[in-house]
Amino acid sequence: WALHSLGGLWGLFLLSSTAATKVCPRPVGIPGAQYKPEKLVYEPGNVVVYSCLPGLLRQGGYNWATCSSAGVWIPATLLCARRQCAPPDPLENGNITYADKFQSVAHFSCKEGFVLIGANSSACNESGKWNESLPTCQPLTCPPPPVPAFAQLSDYRPNERNVSGYQDTVRYECQAHYAMFGNDTATCTASGNWSHVPECHDVSCDRPPDIQNGFLSFSPHGKYRYQETVTYGCKPGYVLEGPRVSSCERNGDWSARPQCRAPCRVNIKKATVLYNGRKTNVEDIAHGTIQHGDTLTYFCKDSKGKCAHLTDSHCQDGVFTVPACYKEPKWLWSTEPSKLPVCSDAS
């Protein structure tokens, strides 16, 4: 009984002691901060000290909290803010985009025509410094331009270091009788390379085609090289329609194939017409005289036979069409239309 009673008293003592001592819960967290020490139980009078996490800077307030006898914390008032980096120096001929807080990244880029030398980004570290040096933007250059086979540079002006700057251009030309395929200029691009460089190819043409009623003036050889020429002509009385000179082009064909247009014969026996500005009898016009493109003007009687209208007819490659209004006189006493007065516009 004595032992049992003694044990009960001890338990009652412990219960009353625990009830008298109030412990504090875990400390309240502060954004961006940590506290020490960390324990399972905090008794009245215990103190925890807060500190800002790496990369954050103390901005004021108390940095400690105390466990009171009432079992509640007298809180800390610490304020932690992200550490800032000073703005990067200006990037000449370039651009910078950045935020100045811890772990923010600044990005560097150059204006068109410049190339970035150095890191293209830098991070704001926990000490408030940028972890990379400021890069530089150097003028973009291209090496000497390539010269394709059978070509040469006709307009190339490098600087004293034998390099070309951004958007500088060079001009190419092919050797004689070599045809250029591509643009005759190349440009120094933003990639530091030259734009498309042309090619020069050996081009030849077969013997030029003959033309009917015409002839060729050329050197007697089987193949013709690029830009070599031949000259066309026509037989007497025929008119050349198209270029007289044809050249061998880069596609292996001739630039032109003209035609010889035939002269015209007047298909009526008796008529007086205007030819070269003069009244002329058609029987007096020699065959072959009226050439392709020439014009004869006929006199056509009006409906009353009092006056004559003027109507043109053109020679078209040997074909001459007499106007339907013209009526060839059938009788000796018939009045020749050309002898009538020309009708006025009101007739």
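Using the three backbone atoms N, Cα and C, a Cβ is placed for every residue, glycine included.
Predicted automatically and left uncurated, TrEMBL annotations should be read as such.
Within the set Cys24, Cys85, Cys110, Cys124, the cysteine that TrEMBL bonds to Cys67 via a disulfide is Cys24. Record source TrEMBL places Cys205 in a disulfide bond whose other cysteine, from Cys142, Cys248, Cys260, Cys264, is Cys248. The separation of Cys205 (disulfide bond) from Cys24 (disulfide bond), Cα to Cα, is 104 Å. Cys205 (disulfide bond) sits 51 Å from Cys110 (disulfide bond), taking the CA atoms of both as reference points. For Cys137 (disulfide bond), the number of other Cβ atoms no farther than 10 Å from its own Cβ, over all displayed protein chains, is 20.
The two recorded residues, Cys110 (disulfide bond) and Cys67 (disulfide bond), have Cα atoms 58 Å apart. Around the Cβ of Cys110 (disulfide bond), the number of neighbouring Cβ atoms within 10 Å comes to 22.
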